[in-house]
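Participant: Not my notes, these are from Swiss-Prot:
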type: TRANSMEM; residues: 3-23; note: transmembrane segment
type: TRANSMEM; residues: 69-89; note: transmembrane segment
type: TRANSMEM; residues: 136-156; note: transmembrane segment
type: TRANSMEM; residues: 178-198; note: transmembrane segment
type: TRANSMEM; residues: 266-286; note: transmembrane segment
type: TRANSMEM; residues: 293-313; note: transmembrane segment
type: TRANSMEM; residues: 340-360; note: transmembrane segment
type: TRANSMEM; residues: 367-387; note: transmembrane segment
type: TRANSMEM; residues: 391-411; note: transmembrane segment
type: TRANSMEM; residues: 431-451; note: transmembrane segment
type: TRANSMEM; residues: 498-518; note: transmembrane segment
type: TRANSMEM; residues: 543-563; note: transmembrane segment
Amino acid sequence: MAFEGVLQIVATLVLMVAIVPFFGTYMARVFQGESTWLDRVLGPIENLVYRLGGVRPELTMDWWSYARAVLASNAAMFVPVFAVLLLQGSLPLNPNGISGMSWDLALHTAISFLTNTNQQHYSGETGASHLAQMVCFQFLMFTSAATGLAVGIAFIRGLLGKPLGNFYVDLTRSVSRILMPISIAFAVVLLSQGVPQSLGGTTEAQLVDPYRTEQDGKREQVTAQKLVSGPFASMESIKELGENGGGSYGINSAHPYENPNPFTNLLEILLLLAVPTSLIYTFGVLANNKKQGWVLFGTIFVLFVGLVGVAALGEYWGNPTVNALLGSANPNFEGQEVRFGWAQSALFATATTGTMTGAVNAMHDSLTPLAGLVTLFNLCLQVIWGGQGTGIAYILVFLIIAVFLTGLMVGRTPEIFGRKLEKREVALASIIFLVHPVIILVPTAIALAIPGLAGNSNPGFHGLTQVVYEYASAAANNGSGFEGLGDATPWWNLSTSVVLLLGRYAPIVALLALAGGLQRKQPVPETPGTLRTDTVLFGSVTAGTILILGALTFFPVFALGPIAEWIANLAGKTL
């Protein structure tokens, strides 16, 4: 069992690495405006979009214009989506008669999908009509992912001293050249594997083996099951590729209609890893230094493999208390699908939280403490591949901090890619770094301090982790959750909405300001004393910076939550 599980993980990682140089090179060609095989088909369509939108693609933007374009376009997308969610009960394409959302739930849901988070305080199959799934969610899954991609590419350009580009062009090309073609192709593959794509309503299937239930002293013979279908294959592909994570069903990719078998599970893992891993290589191509890209990739890959190993060990060892009751050692199968098993569940959990996707093929609330620690660790760092576009930007921010600290140690003015790092750059990098812990820890403290707000279903260490995880997921724009939490309340809807907005747009504005400042700086000629960032040694320094600054910031939370729970489990206690 152990060998088979390890083999599954290794095979998936090998395929992931094999994709990186090809997809990374393709994305570099797209964002440099070079010719691709899609030009003949998509070129005229893109030009039509520019004309209809009044966009002049040859014009470049400064950082403030780019930021305003991001904020204005996202605000314009929010309004109709919010309206549809409120009124979906009165709108067409609602065969199951789903009523409109309450204003606080609609607000949270619209903001959640707008920010590429897809945190769901409702159950997918019973909370949203087909119209909402298509017009609201799938639309925002493309545009929010494209927004992140555009910001990430603009940041790379500024860091390298190039013009930031035009947001509307980057947004359009992200959708037309990257997200849309791949999503269509994989939607067809998922459709062939049994994922539904339909506008029909709920159907009723007769059970082959009826069973009896008893509730409140009443016995009932169950002979049929309701099956919900909808436009789900098209949603599933962009859900993973765009690092969105919002599910058509309440249990997300654990549902057999979203993720029917091990083959689709492999495809979904590769899809959610494809963009953030390949963007690191894209950075190397744009910097004319592929070695730099591979060093950064290797740095994050080593951290990722280590975290996968910890999560897999935790799931393979299982729960000591349960194993003691059974009298044998067994992997953890609580909250998991037997068609995937412990290895693929651990890998999926690590990948989905590392990439800020948020889709799940097992319930994170049921993970062992070690695997739960890994998922929370990923959300708190945001750089173990990271979000769509923003992930590479955060990695480069840690690179900037590492260069600054190294420069201080050797007594030189730090510089990166031929640009000096001065007070403004370090201040902006610090803001980007500090926003995350503040918007996680402050609302967590409020929720835990005021009786009745937290809504956690577990006492003790695990209950603390449930609350912290919800805010960390919102702040990181991930969207997964420890779903034992009672989060369908006005407090959770409104407080996480604020965290979602701050976690998305405050760093984006700061990233663009940092990129704009570096882009304006005069280049500094390279000398024999210039610190090289494309070496394995400096990759190790960057990894150390990530672990020291990122992990230690949240260590008290880790210690009071999953680490304490793990120690208690080893001692045979359940709290």
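Glycine too: its Cβ is placed from the backbone N, Cα and C atoms.
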Participant: Counting only CB pairs under 8 A, let me know which of 136-156, 266-286, 431-451, 498-518 has the most with the transmembrane segment (543-563).
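Facilitator: Ranked by Cβ pairs under 8 Å, first place goes to 431-451.
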Participant: Output the single range from 3-23, 69-89, 293-313, 367-387 maximising the number of Cβ pairs under 8 Å to the transmembrane segment (340-360).
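Facilitator: Going through each listed stretch, the top one turns out to be 367-387.
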Participant: Return yes if the transmembrane segment (391-411) and the transmembrane segment (3-23) have at least 3 CB pairs under 8 Å (sequence gap of 6 or more), otherwise no.
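Facilitator: No, these stretches are not in contact.
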Participant: Checking distant contacts: for the transmembrane segment (136-156), what same-chain residues at least six beyond its ends satisfy Cβ-Cβ under 8 A?
Facilitator: 31, 66, 70, 73-74, 77, 81, 84-85, 110, 113-116, 118, 128, 164-165, 167, 170-172, 174-175, 178-180, 183, 231, 234-235, 238-239, 241-244, 246, 275, 279, 282-283, 286-287, 387-393, 396, 508, 511-512, 514-515
Participant: What residues elsewhere in the chain lie close to the transmembrane segment (3-23), defined as a C-beta under 8 angstroms and at least 6 residues from its ends?
Facilitator: 266, 269-270, 273-275, 277-278, 280-281, 297, 301, 305, 308, 312, 316, 341-344, 346-347
